[in-house]
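Below: one structure, written as C-alpha cells.
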Amino acid sequence: MSSQNSFMSSKKDDKGKNIQVVVRCRPFNQLERKASSHSVLECDAPRKEVCVRTGGINDKLGKKTYTFDMVFGPAAKQIDVYRSVVCPILDEVIMGYNCTVFAYGQTGTGKTFTMEGERSADEEFTWEQDPLAGIIPRTLHQIFEKLSENGTEFSVKVSLLEIYNEELFDLLSPSPDVGERLQMFDDPRNKRGVIIKGLEEVSVHNKDEVYHILERGAARRKTASTLMNAYSSRSHSVFSVTIHMKETTVDGEELVKIGKLNLVDLAGSENIGRSGAVDKRAREAGNINQSLLTLGRVITALVERAPHIPYRESKLTRILQDSLGGRTKTSIIATVSPASINLEETVSTLEYANRAKNIMNKPEVNQKLTKRALIKEYTEEIERLKRDLATAREKNGVYLSNENYEQLQGKVLSQEEIITEYTEKITAMEEEIKRINELFAENKKELEECTTILQCKEKELEETQKNLHESKEQLAQEAFVVTALETTEKKLHGTANKLLTTVRETSKDVSGLHAKLDRKRAVDQHNTQVHENFAEQMDKRFSVIERSVDEYSVKQQGMLDFYTNSIDNLLGASSAALSVTATAVAKSFTSVQETVSEKVSHSVDEILKQETLSSQAKDDLQKLMAAHRTGLEQALRTDLLPVVTAVLNLNSHLSHCLQNFQAVADKIDSHKEEMNSFFTEHSRSLHRLRLDSGSALSSIQSEYESLKVEIETAQSMHSEGVNNLIGSLQNQLNLLAMETQQNFSGFLAKGGKLQKSVGCLQQDLDSISSDAIEHTSSHHDKFAGQSQDIAVEIRQLAASNMGTLEESSKQCEKLTGSINAISRESQHWCESASQQIDSLLEEQVCYLRTSKKHLQSLQKDVEVGCGASVVEITEHVNAQRQAEEKALTSLVEQVRDDKEMLGEQRLELHEQVQSGQNKVNSYLNEELRNDVPTGTTPQRRDYVYPSLLVRTKPRDVLLEQFRQQQQEYLESISSVISEAVEPPVEQDSLEDEPPVAVNDSVMSEKSCIDLSMVCQENGGVPFFQQKKALRKEKENRANTTLLERSKIMDEAEQSLPKSKLPLRMQN
C-alpha cells in the first residue's frame, strides 16, 4: 500500500494550485499622445504591484493598488516576458502536464503582439535573440532545442482554432473552403475536455516551419481596422501544441509521454462608441464582449465556489473548461494601457485579473503509455474501422439482440478494467523500484561531489591563508606610507589655506575694478545707442509723415477735380444714351411684331402638312395590319403543324420504351438466379469463417500459456534482483516482495479466469456463426420473392404507359383544333385594331385645326401687347434720366464740402508734427543717464603669499625607514620581556593583575603587523621608539622599583594581542 500511495502522490502533485496571473503594460501610442493623455498607471516590478490613479492628476488619495504574480512595465521586452512566464511552463509540458497561457485585455493593448509578435527582417535570429518574436515562435523554437538536447525521440503537432461569431473555424485546414464550420463534442475520456471534429493537426519537423504555419493562420484570421486599433483581431484563436516523447525504462520497455500546451489569443473587449464599429463590426464586437462576459461570470463562479459554473454559455469557456478549475496549469497575461483615456477599461482588466488569481486548479501528469499498448490500440482501432467500413459498404454484418450485445459489452469492459488495474499496480511497483534506485544513485553521486568539493575547499583555504599573510605585510607598509603622506598633506593644507586667502583678496579687488569698468561701459553704450537710434528713427518718421501728408493733399485735390469733370460728362452721356435706348426699343418691338406674324403663318403651313402626313400614315397602317394577318396565318401553318407531327413521333417512341421495359424485366429474372448462386457461396464463406475463428482462438490459448510462463520467469527474476541490489533496505524490500508475490498470484488467477472467458467466447462465436448462416438463407428466399414482385410491377407499369400514350394522341388532336381557333381570333383582333386607329387619326386632325385657330388669336394679342410696352418703356426712361441728373447735382455739392474739410485736416497734421519734434528734443537733452561714482573702487597694494611647497620622501626611502623601525621595535620588545621575566616578583604586587605567559611561538603575524603600524603624528615616529628610550633610561638607574617593571610588562602585554597561530617573520 505504501508503494501505491507514493505512486499516486507522484502522479498528482501540486494539488490545489492557483492560476498564475501576470500584468503587462504597453507604452503610449501615437493616438494617446495626440489626445494629450497622461499616465494613470505605475508598475513596480520588484514588489509585483500595479498602482492606478483613479482620481485627477493632483489627487494623491485616489489610488488603488493591485498585487500579482509578476508585473512588466512599458520598458519590458518580449524575451523578459517569455523567460519569466513561459520557460517554467515549458519544462512542465515536457514533464507531461497540460498547460494553458492566454492573453486578456482591452483592444489595442498588445495581446497579439505578446502571443505572436512580429518577424524580424534578419531571419537568422535565434528565439532568445529575436527582439520582436512572441511567445508562440519562441515556445516552438525552445521545444525543439530542449528535446534535441535530451536526445529523445519526439513528435510535435500543432493546430490553430478560431472562434468567430460563436462559430469554430480551422485556420490550418488544407481545404480551400475557409468558411467550413467545425463541430464540438464532449470528450468521453476526459469529463472536462472537448473534441473538435475535423480539426487539422499539422506536424512540425523543425523550428523553421513555425513562421510559415503562423503566416498561414494569420492570413485566414479575421482582422479589421477600428478607431482604436488598425489591425484589430475580430476573433479568438487557440494555438495548441501536442508533444509525444518516447522514454525507455530500466527494463527496456518503451513508454510514450504526452504533453500539451494551449496558447490562447483572446479578442479585445471594446467600447463600440469609441471604436467606431458599425454594422458587421458592431455585431462582431457584440459577440466578442458576450463571450468575454461569460468568461468573467465563469471566473466569478469559480472564485465564489458556486454550485453551477456556466461553461456551456459560450464556446470559448467550453474550450477553456479544463484550464479554469480543471487539471491544467494555467497562466493569464493581462495587457493594459497606461493612458488616462483608457482608465475605465484598464481598471476593469485589473479587477478581472485580480479575481482570476483565486481560481484553484488541480494539475495532473498525463498517464504514460507503453509503445506496445499504443500500437496495439491503434491497430485495433484501424481493424475495427476497416470492419465497420466493409460492413457499411456491403450492408452485411453480425446482428445480435440488445440483451446479448449489452451482456457481451459488460463482460469485455469488466475484464478490461481488471487488466488495467493490475497493469497499473505493476507499473507503480516498477516505478517505485526505479525511484529507489535513482535515489540511491543520486545520494552516492552527491557524496562523491561533496568529497571533491571538500578537497578543493581545503586547497583554497591554504592558498587564502598564504595570500592573507602577504596581504597583511603589504597593508603594514601601505599604512606607514599613508602616515608620511598625511603629514605632508597637513603641511600642504596650511600652505594652500594661505594661498586661498591671498586669492580671495585679489579676486575681490579684481571684481571691484571690473564692476567699475562695467558701469562705465554700460552707461556709455546705453546713452550712445539710445541717442543714435532714437534720433534717426524720429527724423525718418517725421520726414515720411510730412511727405505723405503733402502727397495726400495733392492727390485729394486732383481726385476732386476729376470727380467733378467725370460727373458732368456722365450727365451728358446719360441723356444721350437714354434717347438712343428709347429709339432702339421702339424699333425692336416693331421687328418682334413682324417676326411673330411670320412665325404664325409658318405654323399654319406646318399644320396643313401634318394633316396630309396623318392621312398617308393611316393608309400605310392599314396595309401593315393586312400583311400582319397574312403572316400570322402562314406561321400557324408552317410552325405549329410540325409540332403536332413531333408529338405523334414521341408517341411511337414511348411505345418502343415499353418494349425495352419488357426486356429489363427479363434481365431481372436472370439477376435473381445470379443472386441465388451468390447467397449459396456466402453461406459457405461464413462456415469457413467459423472454422478460422476456432483456430484463431486456439492460437490465443497457446499464447496465453506462453505468457503465463513468461510472467512466472519475470517473477523469479524480480525476486533475485531485489535480493541482490539492496541490502540496507531489507525489511522494506521483504514487504515489497510479499506484496509483489500476492499481486502475481492474483494475476495468474485472473489469467485462468480469462482463459475460461475466452473458451466461452469461442462457443458464443460458433453459435453466432450458425445464426448468421440461417439468417443469410432466410434473406436469400426473401430477396428472390421481392425480385419476382418487381418484375410483375414493371409489366403493370408498361401497360399503364400504353394508356398514357393513347391519351397523349387525343390531346394532340385537341391542340390542332385550339390552334385554328387562335388563328381566327387574331384575324378578328386585327380588324378591331384598324378601326381604333382610324378614330385616333380623326381626333388628331381635329386637334391640329383647333391649334391653328389658337395661334391666330395669339398673334393679335402679341401685337396689342408690344404697342403698350413701347409706350411704358419710353416714359420710364425719361423719369430715370431726371432722377440721375438730380443725384449727380447733389454729389457735386458733397465733393466740394469734402475738399474744404481735407484742407482743415492738413493744418492740424502740421501742428502735431511740430509738437512731436519739440518732445524729441526735450528727451535727448534731459533724459539721458550719467555715470555716478560709488566709492567702492579698490586701491593699489602688495600681496604676501608662500612660494615653496613641501614634498613627501620617495616610496623606496619610506619603506626602508619602515623596515628599520620595525627591526628596532622587535629588539626592544625582546629585551623588555627578558628583563621582566628574570628578577623575582613579589606575590603581593601581582595579585590584582592577570598572569602573563609570553612566547614567540604564540604570537601571530597579525599582532606583529599591528605593532609596526601604530605611529605618532610628530614626525612619523612609532610609539615603540619611545618605549625603547624608556627601557634605556630604566637600565641606567640602579634603584628601579618593581612597580615600574610591572607597568612596562603591562604595556607590552596590551600591545601584543594573543593568538593561537604561530608568529611568522620575513625581513
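Glycine is treated like the rest: Cβ placed from N, Cα and C.
Within the listed segments 148-167, 408-427, 748-767, 1048-1067, Swiss-Prot records region 'Disordered' for the stretch 1048-1067. Rounded to a whole value, the Cα-Cα separation of Lys111 (ATP binding site) and Thr937 (phosphothreonine) is 75 Å. Annotation: Thr109 carries the greatest number of neighbouring Cβ atoms among the recorded positions Gln106, Thr109, Thr937 [cut-off 10 Å, Cβ to Cβ]. Of the listed binding-site residues, namely Gly105, Gly110, the sparsest CB environment within 10 A is found at Gly110. A distance of 76 Å separates the Cα atom of Thr112 (ATP binding site) from that of Thr937 (phosphothreonine).
Cβ-based neighbour count (10 Å, all protein chains) for Gly108 (ATP binding site) stands at 25. For the recorded site, Gly105 (ATP binding site), the DSSP three-state label reads strand. If you draw a 10 Å sphere around the CB of Thr107 (ATP binding site), it holds 24 other CB atoms from the protein chains shown. The Cβ neighbour count for Thr112 (ATP binding site), using a 10 Å radius and every protein chain shown, is 25.
Recorded residues Thr107 (ATP binding site) and Thr937 (phosphothreonine) have their alpha carbons 74 Å apart, per Cα-Cα distance.
Thr109 (ATP binding site) sits 70 Å from Thr937 (phosphothreonine), counting Cα to Cα.
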